[in-house]
Structures are given as structure tokens and as C-alpha cells.
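Record features (TrEMBL):
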COMPBIAS  A:670-697  compositional bias 'Basic and acidic residues'
REGION    A:646-697  region 'Disordered'
TRANSMEM  A:65-84  transmembrane segment
TRANSMEM  A:111-133  transmembrane segment
TRANSMEM  A:139-160  transmembrane segment
TRANSMEM  A:172-193  transmembrane segment
TRANSMEM  A:218-241  transmembrane segment
TRANSMEM  A:262-283  transmembrane segment
TRANSMEM  A:326-353  transmembrane segment
TRANSMEM  A:374-395  transmembrane segment
TRANSMEM  A:401-424  transmembrane segment
TRANSMEM  A:445-463  transmembrane segment
TRANSMEM  A:469-487  transmembrane segment
There are 2 protein chains.
Amino acid sequence: MSKLTDVPKRILIGRALRSDRLGETLLPKRIALPVFASDPLSSVAYAPGEVLLVLSIAGVSAYHFSPWIAVAVVVLMFTVVASYRQNVHAYPSGGGDYEVANTNLGPKAGLTVASALLVDYVLTVAVSISSGVENLGSAVPFFVEHKVLCAIGIIVLLTLMNLRGVRESGKLFAIPTYVFVVGVFLMIAWGAYRGLVLDDTMRAPTADLEIKPEHQGLAGFALVFLLLRAFSSGCAALTGVEAISNGVPAFRKPKSRNAATTLALMGFLAVTMFCGIIGLAMATKVRMAENPAVDLVRDGTPVGDSYVQNPVISQVAAAVFGDGTFFFVVLAAATALVLFLAANTAYNGFPLLGSILAQDRYLPRQLHTRGDRLAFSNGIVLLAGAAVLLVWIYGADSTRLIQLYIVGVFVSFTLSQTGMVRHWNRHLRTEKDPAKRRHMVRSRAINTFGAFFTGLVLIVVLITKFTHGAWVALLGMVIFYATMTAIRKHYDRVAAEIAAPDGPSDDVVRPSRVHSVVLISRIHRPTLRALAYAKLMRSHTLEALSVNVDPTETKALQEEWTRRGIDVPLKVLDSPYREVTRPVIEYVKGLRKESPRDAVSVIIPEYVVGHWYEHLLHNQSALRLKGRLLFTPGVMVTSVPYQLESSEVAKRRARKRQDWSAPGSVRRGPAHDRTKESSKNSAKESSDSKESSGSKG
Amino acid sequence: MSKLTDVPKRILIGRALRSDRLGETLLPKRIALPVFASDPLSSVAYAPGEVLLVLSIAGVSAYHFSPWIAVAVVVLMFTVVASYRQNVHAYPSGGGDYEVANTNLGPKAGLTVASALLVDYVLTVAVSISSGVENLGSAVPFFVEHKVLCAIGIIVLLTLMNLRGVRESGKLFAIPTYVFVVGVFLMIAWGAYRGLVLDDTMRAPTADLEIKPEHQGLAGFALVFLLLRAFSSGCAALTGVEAISNGVPAFRKPKSRNAATTLALMGFLAVTMFCGIIGLAMATKVRMAENPAVDLVRDGTPVGDSYVQNPVISQVAAAVFGDGTFFFVVLAAATALVLFLAANTAYNGFPLLGSILAQDRYLPRQLHTRGDRLAFSNGIVLLAGAAVLLVWIYGADSTRLIQLYIVGVFVSFTLSQTGMVRHWNRHLRTEKDPAKRRHMVRSRAINTFGAFFTGLVLIVVLITKFTHGAWVALLGMVIFYATMTAIRKHYDRVAAEIAAPDGPSDDVVRPSRVHSVVLISRIHRPTLRALAYAKLMRSHTLEALSVNVDPTETKALQEEWTRRGIDVPLKVLDSPYREVTRPVIEYVKGLRKESPRDAVSVIIPEYVVGHWYEHLLHNQSALRLKGRLLFTPGVMVTSVPYQLESSEVAKRRARKRQDWSAPGSVRRGPAHDRTKESSKNSAKESSDSKESSGSKG
């Protein structure tokens, strides 16, 4: 039979890829790098600036701490990359931080990680778009002049693209990302050449400005606090590193190894670019201030409110390439584009995480099935709405938004690494092979250091940024956590309520007969079809039912019924108030009362139309009635559709919708592959997880 | 059987009135008067002021024309009342102007009247509320200071009340209306006594002001035009007179005679109050101007923007009773209340007209059934939305809003009276009895004069007010007309498409067998129930169908299926993309392809939950699937509901909703009574209407 239906299916659906052909969509490393790295790489567009900005509070002299902060960020980056290389090998199913925390630390930790990641997706959109607009603005001032409007406009655009279901293409990511990376490296190389070899003096546009320190001569605890705050801001460079650990199934084989290599490459690129930009910024004397209007001073007077503080990367580019030159404009455009792609990452990551959470019943079940456009749409609109709100409240100011960022990332880093330590502990308990044991011990050491270091950073971030905005992110996490807990509780309660009793199914009270009722308003093709179908069903009794809303019409109906010799008895219900629903419900209840062991089947002829406004003109009473009948026990409700000509429109629309591809499908990898590995993995882990849940619960 | 179900029904539903008990809700004249007359009586609160206002354009000397204009309005009122007394006798079914125009002049005229009335309902709300706020403001200045806000607030309040379904109570109308009428008469009597007997000089608060005429020394055509405009404004007193002709079925017997008497009484009250107020305004030297800020002059200087022009009725009350006295405040409150009741009239009239239009398929069918809350709600929200828009655009200024008013009323007056002339002509052709003929000739003369006079006024209104705002009302009418025509066309097209072929019903291609498919996701009570019901239905073949979204879950399902020994074959569909809808649709299409003469019955277990947010968590895939299946020919879709505990909440809510009483039910009278008379009438008219539609179409 499946042979028979294959041809029309192929014609109708077009590109229903067969499972074995899915391999072709797997990502080679050269494409995987831009797909997964646009988020962490793009953060070098704002992270160096944030470091300088915080340091400027103690005056320009504090800038000499910046290399040390860069070193700290580099060490942290290497730690995190090394740690996640362990994750990627241990969890090739792509469950990511959520799965690691959930499996090893129990569901509460998993849910905490999930909440943190969800908040982070919102912030990734808000921060990246705001920063992208600022970078565009360094080349085209229009964008900074209408910052909030532009930022919200771009969010709306991205949202519409993702709602429409743009097929995420690896190449789309590759070109701007590579242009950006090559551009930054070119800038660093050219800057180093000019500075060190040609001995040019390159001066950033802000080099002539002086910084009025907000706190002169900070020392001791205050200075340490300031340095820690600068470090926290620099940690923005680490956001998005965890993305690869979610995307292992999308890599070509050997998946884990390729993913680990890509991760290392990404870490190397990110730290080089970060340090290069900081170095160039020092060399070209870039001046940044937290409140540029008052704290930046030109010839003795503050620059004032009209001053626009351009991002470090564009100031450095202006110094190295020259302001407004071809390279300067290309780099600004590539930077902005990469930042927008980074924002798009969140649009892809959200449904991915949502689908995993849905599988664990923390989110509505339908998020788990792919291509469920409606479910994804709701998620995307929620994400975009929250991002727009943040952008609007914070005036699309990336500096202020970054204060909220990072908390989520480090919550998830810390819990994930802690989970990995537990993971290795468990495996070490059973593993006998010395070579494998040695490997595990090494991995555990890396993850332990990772957990410790990221935990430390989390504490630093919380302390230095709590009042600056981190509390907003925490509040967001609490809201997500509470919502998901409530959803899970609801599903559990319902599951308990509907659980099938043990033993053969017949102990469910089973009705003995069916009484069928066909609802008739007048005689036309839809009702005749419903009658024909009802007769076919061979229920124990069958009658037609009409509600007397208009005596003239009812009389005409009865006459036509007789004239046509329809061999089903027609019963007419009186309705003094011209209602339809109530008399039918009462009648059905009466039937049930009469013979409680019987079931009632209500058959409703329905028109199928093509346009929403046509829908308003038909079926409204039927819909209402169906809604009410569902609450009546012992009733089943059957719709017999009659397709009007206009329904073709809706059919075509539905077909088009079906071909919609969910955002994030490229990085998610093929579905079957994923589930297979996941189930394999979960089978392997099953004894462990039982044990761990035992120790947790 | 009905005996058995009667008791729980009575307990559950409470007040399901039996048809024979409905007689008790019929209105005696003393209640019918305030119910139907609040609209026309309330207009004396603003109509006299509008006359003075327009006259003031030619300076205060033009005020001496006001008695003549009052006389013209009185003559018009008597004409209209006399004409409608004929309508009430000829059409006791309460069809009103729409029915009269439709039956006698053809459907286009009917639809024009309907459009005019719909626009008028919107304007009744806007004008009455704005004027009510102005009257309140004469006692409590806060209301005029926040005029737009208060007006919109009151509209919202009325809307919510009507959406909730306040049972329209005759007494609710009676008290404020009688207080208002008695108050105005008391004012007129006391004013006459003080002025004529005591020879007091009563001076209105504005008596000391001078009017700077916008056009000095108007004469000839310009003066005539101004007088006609003043007369047009005065005609606002006639709005709402036609309401009784819609409400005849709500009267006690003899319905037509009682309605005619009430109509006469209402006309008498309205003209007396109108003339009394105009007279008192002249005696107390009320000064009104179209642009009070510049045209009213106190001691040589214009009063300026801060000046608030109080309504004539409140100025007269201040002169007669004294500003701020007890009687003054009571009258102001009663005036405002009557105006709000007049606005409420539109909320009641709208569904009434909508129900009649729905019967003729110009509006969605479901408007025809009573108590269809959703349909009424949409209408009420539309009405309120349009009124709010107008109030907002025109700054809740009753004077500016009145420019839009009246056009609709006079369109409907004119067409209705013209229709009545045709009605009598037709009856005279067949009637032999000389006494009856004499009576008919008299009626025809009255209606002819009515048609002529109201037509003349319509032309005057159109000419004098077109640029002042009447074009907005006309535009509104065109929009309603076009929409209703489009709806009717759609219904006609669908009716032609689905018309049952002649001959016995069996010539509809009839499927020969039914293949039943039960959708299964996992085994629990809902699916077991669906299986049990499906077995009962004795279809020709039966199988269970599951979509393999998650291999682990599918395997568990298959194992449990075997373990429980369920005697229905379980088929599993593969879904490489974790979709649910597409594989099922393809499978069903395949079944149809295999045996095109068979029907497929898809049985879907459904949870019934109580809260909307629970609904988001369940049934989403089922709903989507049902939607898609309806477009697949030869399929019927059966929902087997499983009521979760929480569904009790929704059940209670639905029951509460069912007891909702539609606005306007008091004035509509009992449904059965109405339809019976209507069908009697339409049977009587059937030959006529055929004839008239023949001459029209």
C-alpha cells in the first residue's frame, strides 16, 4: 500500500527527505564553525569596550590593568573550552548543559540551567542587536540617531523571518562570519605592522579626549572590586561557547571529535581577537567612559549629551584603516551582520531547548514534535517580545544590557561542569580499564577546575553586577523556573488521573449500545452526506434531530423530509428562546439518563470553507455545540465535513505551511539520528540516573 | 422521557421559562413608555440648544425665529407620530422600518434602511453619552473637564454591562425617565408661574453675555438656509420615535392599540418639553454660540477658551430653580441618566435589528438565534468601538456629533413611509369593504404626508449638514450596505453549491463501507474509552494508529498493547521529522486511494479541561489534525472526550453563560409570539411581496 501512495506524496510534498538521505545535511567543520561560533565570536565586538569602560571609572591610569584582565578572560576561555570538550565527548546526543545537569544533579538543577539558558537567549537577542546597531552607527550615523527604533525594527525583521521559517543555511552564516574573522585579523596584523614595523602613530578618534575619573585614586578593596567588575564585563566574550555542546548531532562523523576540534578552534579565534583588539585599543589610545557625556573631556569641557561613543572595534578600525575607508566600512558592516546572526542563534536555540524541555514535560508537549509551526511561533514571539521590551527599557544601550547578561551563562556553566564531575565520579566507580580510568581522571580534573573557576566567576558577577541589572536576569530565571514547574505538575496530575488501570482493558466501564443522532438544520448536500455516513456506521439506533428555531422553516423541513422519503426518523426539539445549543444538550442528557449504559454519538454536518471570514459566517452554532457536548459524559461528537469550493484555498495554504521548516533545524541535526543516540545514551545512563535520582530525591 | 429529565433540568438551569409563562414579561403601557421613550424624550436635553446655537450665527436677534422653528419641529413630530401609528397597526410583528421597506419597496430599500439604522445606533450612543456628560458637568465640573475620558469610560461601562448580559428591567428605565419628565414639567410649570404670575425676572447664567454674530444682517437665501439648518438641528428631537414600531410584540394585548397609544403619549410629552424649554430659554435669555470662546462676549471681551457652555436645559434649570439648588442637581442627574439609558437603547436595538437581518442572511446566521452570546458580543463590541472612535475624534462634543446624526433617522423615516403608501395602495386594490377602504385611504393620506414631509426634511438635512459631518454618516451607511450585500452574496453562493439534488436522497454518491481508525499516543483511560466506543460503532474494519515520534515511547506502547491483549490491530506510522499531522493525513489519503468508495472514520481521544491555559497544554496536536482532516474528502472525524476533573470548572462556567440574557430581550417580547405573528403576517403578505419583488427585481 505504501508503494501506491508514494507517488502522489512525492508530488504533493516535494522534499520529504528520507532518513538515509538526511546524512547530506550534516555539517562539515568549516561550516559548523560559523554556524555555532557567530555568537561567541561576535561578542569581541563589545566585550573589550566594556572592560575599558569599567576601568575608566578609576581614570585613564586604570587602563594599564586591561592586559591583565584580558589574560584572566583568556584563561577562563581556555578553561571553559577545555571543559566543554569533555561534555561533547561524554554527551554526544547534544543534550547540552540541561541534559548534563538534569542527569547528574537531578531535575531541579536541570530546570535551573534551562531557566538560565532561556533568559540568556532573550539577552543574546537584546545585546547583539543593540551592539550591532551601534556598530552600524559608527559607519552610518542614522542608526545611532534612531537606535531604539532601528534595534526594534531589526528584531521584528528577524522574528518575521523566523516565523516564516527561513531554512537556516550554513553558507548564510559562513560568509559574514569569515569576513568578520578575516577582517579583524587583518586589522590586528596591519595595526601591528604599522605600529611595530613602520612605527606609525595610530590615534583613535577619541585619543585626544581626557577621562574625568568618577573615583580618583581607587585603591585596596575598591580597586579590586573595580577590576573584578571589569573582568565580569569582559566575560561577555564567553557567551555562546556552550552552543556547540547542544549541536553535536549536526556534525559529520566522528561527531564528538569534530565538535571538540571546532570548539578548540573557536576558543582560539575568540581569545586572539579579544586580546588583539584590547592591545590595539591601548596602542591607539581609545578612550571610553561609562557616562561619556560628563566624564569624557575635550579641551577642559565635557563632550556633552550629543556625543556618541562608538564601539572599541570601530574606533580601532578607524585608527588602523582610517575613518570612513573601504576596510573600515566593510568591517563595520561585517561586525553588525555577525551580531545579527548571533541574535538569530537565539531564535534557533530556543525551539531546540524547548523541544528537549517539552520531552520532559516542562513545556507543552507539542513543542517536542518538529515542524509544529504554531508552537514554535509562540516561542519565537515570546522571545522577541521579551527582547523588544528589554531593548526599549534600556534604550538599546548595549552597555546597560550587558549588566544583565552573563549571569545566566555562568549559572549554566557552573552547574554543567559540576554535573560533569559527578558524571566522571560515577563512571570511575565502575570502570576497570586503567587507560580509560586515566582518561576519566584527567577529564574530571579539567571539569573540576572548570566548575570551580566558572563558579568563582558566577559569584564575582553576582556581587559586582547584582544592583547594576543582574537582578533582572535572576527574576527572569525565577519566572521561567516557576512556570515550567507548574506545567510539569499539571502534566503529572493529569497523567495520574488518566492512568489506565492494570489488567485487561475491559474493566473500563464499557457502554453496551450506541444511539446516533444526526443534527439537521435543513436538507442540503452536507446534511445528506452526514445522514449517509451515519447510516453506514450501523449504530444501534439512529435518528435525525432538528431544533425548531423558526416554525416556518421547521415545517418546510418536515415536509421535504417526507417528500424525499428519508428513512431516518426526524425529531424536532422546541426552542422557545430560539436557542440551538441548550435543547440539544438537554436532549442528549435525557438520552443518557434513560439508558445510562449507552453511549450517544452526535453527528454534525460541517461546511469547510477557505477563508477566516467565511468561517465566521458558518459553523458557529456547530462549534459552540461541539464545545458544550464535549463536557457531557458518554458522548462522542462526529464532524462530517463538506468541502465547499472555496476550501481549496485553505488546503493549498495548509500544504504550504506543512513544508515550513522550523528554525534551528540545521544545528539540530537529523531527528532520528538524534533520538537513536539519545536513547542509546539514556539506556547506558539509566542505572546511573536511577542511582543519582535516588540520592537526590 | 421528558418527565424524567425535567427535575434535574429545573435544578440545573433554574429559570427556564416555559412559553406560556412568558406572557408575564409583557410590558404594560406605563412601563413601555419609559422603555421605548427614553431615546426620543432624552433628546430634548440637547435639541433646543442646537436650535439656539445655529441661530446665534446670525446674532441674538435671530433668536426670535426660535418659536417658529419649534412649531416646525412640533408639526414634524405630530406627522411622524401619526405616520408610525399606521405602521404599528399594519405591522404588529415588530419588523419596524426595515420590514416595511423590505416588503414594500424591495430588498435594496430594506438594506438601505438597515444600514441607516445601524449608523444611527452608533450615533445614538455617541451623542447621548456626550450630552449626558455635558449635563453631569453642569452640576459637577469634573465631568466637563475630562469630557472625552468620562464619555469613553461610560461607554466602556455600558458595554461591559451589556456584555455581561444585564437583564433589561422595565423598572430600571421607568424611574429615571419619570423623574426626568416630571422634573422638566415641574420646571416649565414653576418657570411659567414665576414669570407670568409672580412676574419674577429669571435670568440664565449666560443672560449677561452678548453674542458676536458671525454673519451680521443675514437676509434672503442665506437667512433661509440658516433657519433650515436650525430646523435640521432641532429635528434631533425626533430620533428614536421609530423604536416602538420595532417593539410591538413586547406590549400587552391589544398590542397594536397599546403601542399606538404609547406612541401618541410619547409624542405629546416630547413636543411639550421641547417647546417648554425653548420658551423658558427665551424668557430667561439663554445665550448659546457655535464657537463660545470667541463669539460670546462679556463686557466687551470674548469669554475665551476656558469658558464652558452648559446645555440649555441646565441653564434654564439654573434660572428657574437657582444654580446648585436641590432641584437643579436632581434634574441634571436625571437628565444624564436618561441620556445614558437612551444610549443603552442602541445596545438593545442593535441585536434586535441584527437578528432580523440575520434571518434574511445579511448578517451571520447565528445572530438570529437568541442568547448567542458570542454573536451579540461581537455586535456590541463593534457598536461600542465605533462610538468610542467618534467620541474621541469629535472630542465628546455633542454639538459636533449631532451634525452626523439625523441623516440615518430620516432616511429610514422616508423609506418606511413611502413603503407604507405602497402597502395601502396594494391593499386598496383588493379590499371591498367601504368602511375598511375609508380607513385605509385615511392611513394612506397620513403616510403620504409623512413620506413627503420627512423626505423634505431629509433633503434639508443633507443640504445643510453635508459638509458639517453628514458625509461621515453616509459613508458609514455605504460601508454597512456593502458588507451586508457581500455577506448575502456569499450565503447565496454557498446555498446554490450545497443545494440538495431533487429526487430521493440516494443519488448522492454513498460510501459502501467505513474504515475506522483510532488515534493512539499512549495507553490511558481516554484512549481506552475511545477504543471501546470505536468497537461499539461496528464499522467494517477497525484499527489503532500511532505515530512513531519517539522510538522508545513507541516500543513501550507496542509492548503494553500486547501485554494488555487489546484485540484491535495497532499500526505504527514512521515520522522521520517527528511530525504527527502529516503521516496521519497521508495514511488516510492512502486508505481512500485504495478503496475510493469507502469512508474513513478517524476517532480521536480528547481531554476536556477547565481552564484556557490547560487547553494550551493539551489537544493541540489533535486540534491541528482535526483541522487538516476536515479538508480531506470522505473522512469523518470523531472526538471521544474524556472529562478531566478540572473540566467541572468549565462546565459550571458554560452553564452560567447559558443563563445569560441577551440585551434587548424585554423590548423584543417573547420569541414564539413574535415568530408566530411574523409568520402569520408574512403568509398574509406573501402574495404581495412576490408581486413587489417581481416589480423590483
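Heads up, the Cβ atoms here are built off N, Cα and C, so glycines get one too.
What TrEMBL says about a protein is an automatic prediction, not a curated fact.
Per-stretch counts of Cβ pairs under 8 Å to the transmembrane segment (A:374-395) identify A:111-133 as the leading one among A:65-84, A:111-133, A:262-283, A:401-424.
The transmembrane segment (A:401-424) makes contact with the transmembrane segment (A:111-133): 3 or more of their CB pairs lie within 8 A, with pairs spaced 6 or more apart in sequence. Below 8 A, the CB atoms of the transmembrane segment (A:65-84) and the transmembrane segment (A:218-241) form 3+ pairs separated by six or more positions in the chain. The listed stretches are A:172-193, A:218-241, A:326-353; of these, A:326-353 has the most Cβ pairs under 8 Å to the transmembrane segment (A:139-160). Long-range contacts of the transmembrane segment (A:262-283) within its own chain (CB-CB distance under 8 A, at least 6 residues past either end) are made by residues 29, 32-33, 36-37, 40-41, 43-44, 47-48, 51-52, 63, 66-67, 70, 73-74, 77-78, 80-81, 84-85, 88, 181, 184-185, 187-188, 191, 195, 202, 204, 234, 237, 241, 244, 251, 312-313, 315-316, 319-320. The transmembrane segment (A:326-353) shares more Cβ pairs under 8 Å with A:111-133 than with any other stretch in the list A:111-133, A:172-193, A:218-241, A:469-487. Relative to the transmembrane segment (A:469-487), the listed stretch A:111-133 leads the set A:111-133, A:172-193, A:218-241 in CB pairs under 8 A.
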